Amino acid sequence: MASLFSTLQRSLKGLLILVPVLIGLVLASPAEAVRWDAETLTVPGNPEGTQVTFSEQEINTGRKVFNTSCGTCHAGGITKTNQNVGLDPETLALATPARDNVDALVDYMKDPTSYDGEYSIADLHPSMRDAELYPAMRDLTDEELRLMAGYILVAPKVQGTAWGGGKIYF
């Protein structure tokens, strides 16, 4: 009986040592640490190239606002209504005007234009200009738009090609 108790006691001690180590690996893995470094959180702020660094909390807030306001059509950085135009970095950079910076994305959310910049699509695409089309946009503040833009630009740095890559990643 004593040897059984000793064996159980040793096993329990081993588990007590192992559990915190496993929790630490799950909560603070090297991939997680790299994911939120300053370089990852830094994105172009305007067309001139001025950089802006967001905090992890700001990006998480931007993600929540994005998922609530835009996620119905743009989950994972795709565009459900037009798979040719997503939110991946290359597509944003090739738009006219380029939408690969915070200011340009905020401007687009306020008054969207076609991909070539030739005409307004505010009557078709949710925006601040015509919040009747999609009421979720109605009460968004400029700060929330800025945080969503930050999230859109940071997401591909964290998710890689899965952001804007389409349904093969879901």
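Glycine is no exception: its Cβ is also placed from the backbone N, Cα and C atoms.
Residues annotated as heme c binding site in Swiss-Prot, with sequence analysis given as evidence: Cys70, Cys73, His74, Met137. When secondary structure is read from DSSP and collapsed to three states, Cys73 (heme c binding site) falls in the helix class. Listed in sequence order, the residues of the same chain lying 6 or more apart from Cys73 (heme c binding site) and placing their CB within less than 8 Å of its CB are Thr79, Lys80, Thr81.
Under the heading signal peptide, Swiss-Prot lists 1-33, citing sequence analysis as support.
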_Under 8 Å by Cβ from Cys70 (heme c binding site), counting only residues of that chain that are 6 or more apart_ = Pro126, Met148
*Within 10 Å of each Cβ, count the other Cβ atoms and name the one among the binding-site residues His74, Met137 with the highest count.*
Met137
*Given that the record lists Cys70, Cys73, His74, Met137 as binding heme c, what is the largest C-alpha to C-alpha distance among them, in Å?*
14
